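As annotated by TrEMBL, domain 'DEP' applies to 4-79. According to TrEMBL, the feature domain 'RGS' maps to 245-282.
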């Protein structure tokens with residue numbers, strides 16, 4: 001990427017009153033990645049964002065925003081000395097020296113999170129504080145002797161390194177935040193495992209005999225043939241499994257097809273169609289426009305019936321659409337089908353199926 005001929009094209013750009021060399025735009029970086037690796041724009045943007053997040057590229061204008069924007073935002077390559085592959089530890093003393101130097105340069109005006117770290121280091125490293133301040137002053141004097149452009153570039157490189165390795169409190173790494181999330185007691189989780197195994201034991205060919213024979217033992221594929229995804233007549237065991245939960249019915253292609261036919265007879269087919277469209281939207285974002293035009297837009301051909309609160313949340317989310325903008329409406333429709341249709345009507349439908357199955 002840094003090759004002078006075939007890499008990302010850079011140029012001199014004026015930042016405030018200083019001319020910075022080898023500056024690239026986010027659009028140029030994303031385009032180069034897409035062309036070089038033969039990938040689409042979204043994948044290239046995601047890859048570029050990872051390079052920014054890991055500290056190989058840094059933004060010039062918004063240091064705390066470690067994402068790659070496919071626009072005219074300015075970026076530079078980080079110097080190899082600060083690359084993660086160097087694997088040199090970000091020590092507290094090094095960070096304290098950096099904050100002390102920054103405190104001198106900014107005349108005591110630091111970011112709130114930097115000021116908090118600075119005060120804590122002053123307490124924890126009090127026995128080394130004179131050494132830290134002397135080092136900071138020496139580095140500050142050495143920096144003043146550089147050309148202004150070189151000084152600004154090094155300051156940006158150093159700040160980008162510490163933003164990655166010592167992020168602000170509000171930007172902490174997800175794995176550190178996830179430690180504090182709610183946990184399930186072992187007794188509850190083990191009870192759920194026992195309940196699941198008890199429920200599905202008779203439907204697992206490894207735990208109980210299956211008819212007509214176990215294909216893993218007899219090399220007879222009849223069991224697989226009568227349980228294909230779109231078999232004409234489902235087996236009794238398969239139909240019974242639909243009654244375990246609504247998810248079991250929807251996850252079975254044959255069960256969903258039968259349920260769809262049943263909903264059409266009840267003039268409720270748009271509910272399942274919307275749920276399927278929302279599921280597809282989670283996997284493929286452009287599908288959202290089809291779902292919105294078909295089910296939510298004024299005068300939509302297959303308008304769905306959702307309450308005012310859910311509609312308000314959905315409409316508000318559409319102001320800044322994203323992959324999961326239809327989650328509230330999808331959950332509402334799912335619970336509607338589960339409580340009103342599945343429990344009250346589908347029970348009779350499943351019993352009717354079981355009576356007509358001989359397998």
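The backbone N, Cα and C atoms fix where each Cβ goes, glycine too.
The average per-residue pLDDT of the prediction over the domain 'RGS' (245-282) is 86, rounded to a whole number. Under DSSP, residues within the domain 'RGS' (245-282) fall into helix, strand and coil as 33 helix, 0 strand, 5 coil. Per DSSP, the secondary structure of the domain 'DEP' (4-79) breaks down as 25 helix, 20 strand, 31 coil.
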